[in-house]
Amino acid sequence: MDLSSKVTLVYSFFAPILAVTAGAFTNAYITFVILLDYFKTKMMSSSNKILLALSLSNGYFSFLLFVCSIISFVWPHIATNNYIKGCILALLIFGISSTAWITTCLCVFYFVKIINFSSGLFAWFKLKIDIIVPWLILVSEVVSLGCSFLTLLPSVNIQEPSSNSSMFYSLNSTSGATGISADFIKVTFIAVCVPLLIMIVTTFPTIRTLYLHSRRMKNTGTSSSLAPHQSAVFMMAWLLFLYTVFFVVLFTGFIQSFTPPSFAYWMTYNLIYVATLVQSVVQILGNPKLKEAITICCCFVCHKSW
């Protein structure tokens, strides 16, 4: 095996496998900490409900990417079957849509909790948010399933032979010179772009509100702690940045902007696989309880090693 083949093997197989495995462990950690706290207190906050749903969704997506990588290299002949490619595409769209919409629920939750609404729909929404959160999660999953089923329609899922070595990148609904069908773009817009737009609409006003509030507190000498809100806004901002990068990379893959063995191709390819790991790390750093738990674990491991 020459050097070029070895580099390709690392970029296309070992690096993605390592990324999704690490992402699965971090999401399992989030799930474990939240459930452990629930079993101790018999209560679960609305934010933890969303984080739990998000970690489970991310875990599913990590597992699916792992399976896609294995199939691509162990059973490459399977990846050429249009029916199987269509099914895997539907599963991938469900995973992507689910994580995106549940992340949107998290941004909406912090938006409603942090900004003060004196009257109107958002004021009512703020009062009922703990009741509404489970329904938001349920609606997110229903929308994700709908997008997934839509990709199975013959008019949407038009398959053509692909020479890409990546299972993920070979799952393109191509048609004509544009490289992607109009119906597939519509489905993907609902699954991907709509959540991103909602994240933008909720994140920037929340950042602005917290900034103005912190300035007022500084001017008046108020000593109330804003740490919980700052952690929430930190998470919202980083998740918005992550999903913006992820969706740009995703669409470059769907329209086949880069072809192997170019460096840009392997960079975008690996960014897709590392997304779940990065998102789980952002969740841990943005949630005081998750951050505290991992700090305790690290201290315990260091103490045992000494």
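Every residue gets a Cβ built from N, Cα and C, even glycine.
As recorded in TrEMBL, the features of this protein are as follows:
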- 13-39: transmembrane segment (TRANSMEM)
- 51-76: transmembrane segment (TRANSMEM)
- 88-112: transmembrane segment (TRANSMEM)
- 132-153: transmembrane segment (TRANSMEM)
- 189-211: transmembrane segment (TRANSMEM)
- 232-257: transmembrane segment (TRANSMEM)
- 263-282: transmembrane segment (TRANSMEM)
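If you look at the transmembrane segment (232-257) against the transmembrane segment (51-76), you find fewer than three C-beta pairs under 8 angstroms, all six or more positions apart, and that falls short of contact.
Within the chain carrying the transmembrane segment (13-39), a Cβ under 8 angstroms from the stretch's Cβ atoms is held by residues 48, 51-52, 55-56, 58-59, 62-63, 65-66, 69, 73, 269-270, 273-277, 279-281, 283-284, 289-290, 293-294, all 6 or more beyond its ends.
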